[in-house]
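What follows is a single structure, written as structure tokens, with notes after it.
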């Protein structure tokens, strides 16, 4: 049977396709895939398979490398000085727990469906094509912006470490507007070098990451030991200025949670590990150890760093811009240089892991036909997503060349938190809904009520005036969220139990993750929401003008399977990959 003509074969065909956009959108946007399809013929669209060369220790190294960048050296001081005081140690522990809950949600999906698409694939098999595309597009843009910022940050830290001014590495282009006129060739060189490495081999990329991460951890341990050796235990409870609040909790519980919201962004990066699932040799064993193990190790490192800094200086004397370097300056200048070198290693590892992740997201989005299938190709000799890696590497380098660091920093973070929120929703939805068998409305109603309650708590936390009425309102929100979850837990049965690994205490842990991610989203500034709205609008435009028609054509040609209008029951056999190793 002859295939129907492509929507893009002629200009007239494209205009005819555009006229059918509403009906195509209604058909394709909520369409879902199955895990069997994602693991079989959708994956086969890449041509060659990615080489299964990673073990649990590789994943732990990649997770640590992705999370522990240079930002922790700044974030710790800012959160301690402005919000938590010495209790920044508790703030990091709380944030680590929240990160672990999100990591559990990622792990359940990654073990069940070890593909390179990460959150994009997880949302595509639960909430459909459009929800997956919207979050995936935002995530890729955030990866690119973040990586460009990290590359320019490398120039600054390296300059500080070797004592050469940043102006020596950059030159000004007078013809360009301010904020885009400082040309950074070193940042471009770093991005392109990392791009070549990840294009060449995933295994060699992991080995390089392991070496750099080990060096970075050694530098962190050195800084921690110096803090415990040269610090004063009295700084945990006594500020320098007697007029400042004293004690371990100078700003009370609210300060601890505000500090936790700020330092949580130091944990962003473990999600990139889930995109490596397709290249893991024994996913059932290795992924849970790799993902959750990296979060636990990083939490311990962060808590030790926080304790070390609190011992070095009273919280009211901490420099919010460079806390560790400033603490040692004047007395041990050479330690400040060591911190700069260690931060440079951290920048390289976080850049390497993030660029590995962004390429695999783009590769799997290409497999789904919502972007050109060219991005889905896996090279037959390197077994890496070469096209996606090269394209995004060049795109990142172009932005890093001229865009100011402060402009880039205002454009990141919200997309990642939004994806964490969506994945936590998806893991609950998937446990309680089987397509064509159970009604989704009770589960969707629960998720909506939980989201609204979490949103009310967040708004009350930030905008309600202090006092007993605020405390009552916050307590009421927590009580409502608990009651809603308890009622759902006892009235709606689970219809799907993970065969290999699942989030424990369902639905409590994912519900707490949803609650915390909404709270953290509420801590972002208005510019972050402007950015999210802009890129979401841009993603919608791309989906309407290209993606929905490309996926409609792919469905007509037999490249896409389960549709919303033709939902079928996923049998137990179809849920498992025949090559899924234990």
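Placement of Cβ uses the backbone N, Cα and C atoms for every residue, glycine included.
Quick look at what TrEMBL lists:
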| type | residues | note |
| --- | --- | --- |
| DOMAIN | 501-551 | domain 'Cationic amino acid transporter C-terminal' |
| TRANSMEM | 56-75 | transmembrane segment |
| TRANSMEM | 121-141 | transmembrane segment |
| TRANSMEM | 153-171 | transmembrane segment |
| TRANSMEM | 183-200 | transmembrane segment |
| TRANSMEM | 207-229 | transmembrane segment |
| TRANSMEM | 249-270 | transmembrane segment |
| TRANSMEM | 291-314 | transmembrane segment |
| TRANSMEM | 334-357 | transmembrane segment |
| TRANSMEM | 408-429 | transmembrane segment |
| TRANSMEM | 441-464 | transmembrane segment |
| TRANSMEM | 500-522 | transmembrane segment |
| TRANSMEM | 528-546 | transmembrane segment |
Contact between the transmembrane segment (528-546) and the transmembrane segment (183-200) (at least 3 Cβ pairs under 8 Å, separation 6+): no
Distant-in-sequence neighbours of the transmembrane segment (153-171), which means Cβ under 8 A and at least six residues beyond its ends: 70, 182-187, 190, 325, 337, 340-341, 343-344, 347-348, 351, 405
Spatial neighbours of the transmembrane segment (441-464) far in sequence, C-beta under 8 Å, 6+ residues away: 254, 257, 425, 428-429, 432-433, 470, 473-474, 477-478, 480-481, 484-485, 488, 491-492, 507, 511, 514-515, 518-519, 521-523
Of 56-75, 121-141, 183-200, whichever stretch has the most CB pairs under 8 A to the transmembrane segment (291-314): 56-75
Residues of the parent chain within Cβ reach of the transmembrane segment (121-141), under 8 Å, 6 or more residues beyond its termini: 25, 28-35, 38, 106, 109, 113, 115, 358, 361-362, 364-365, 368, 370, 392, 415-416, 418-419, 422-423, 425-427, 429-430, 433, 532, 535-536, 538-540, 542-543, 547, 551, 564
Non-local residues, at least 6 beyond the ends, that sit with Cβ under 8 Å of the transmembrane segment (249-270): 63, 65-69, 71-72, 75-76, 78-80, 82-88, 90-92, 94-96, 98-99, 102-103, 106, 239, 291, 294-295, 298-299, 302, 315, 350, 353-354, 413, 416, 461, 519-520, 523
Distal contacts, the transmembrane segment (334-357) - CB-CB under 8 A, six or more residues away: 62-70, 72-73, 118, 143, 146-147, 150-151, 153-154, 157-158, 160-163, 190-191, 194-195, 197-198, 202, 205, 208-209, 212-213, 215-216, 218-220, 222-223, 226, 269, 271-273, 275-276, 324-325, 328, 389, 392-393, 396
Secondary structure tally of the domain 'Cationic amino acid transporter C-terminal' (501-551) (DSSP, helix then strand then coil): 40 helix, 0 strand, 11 coil
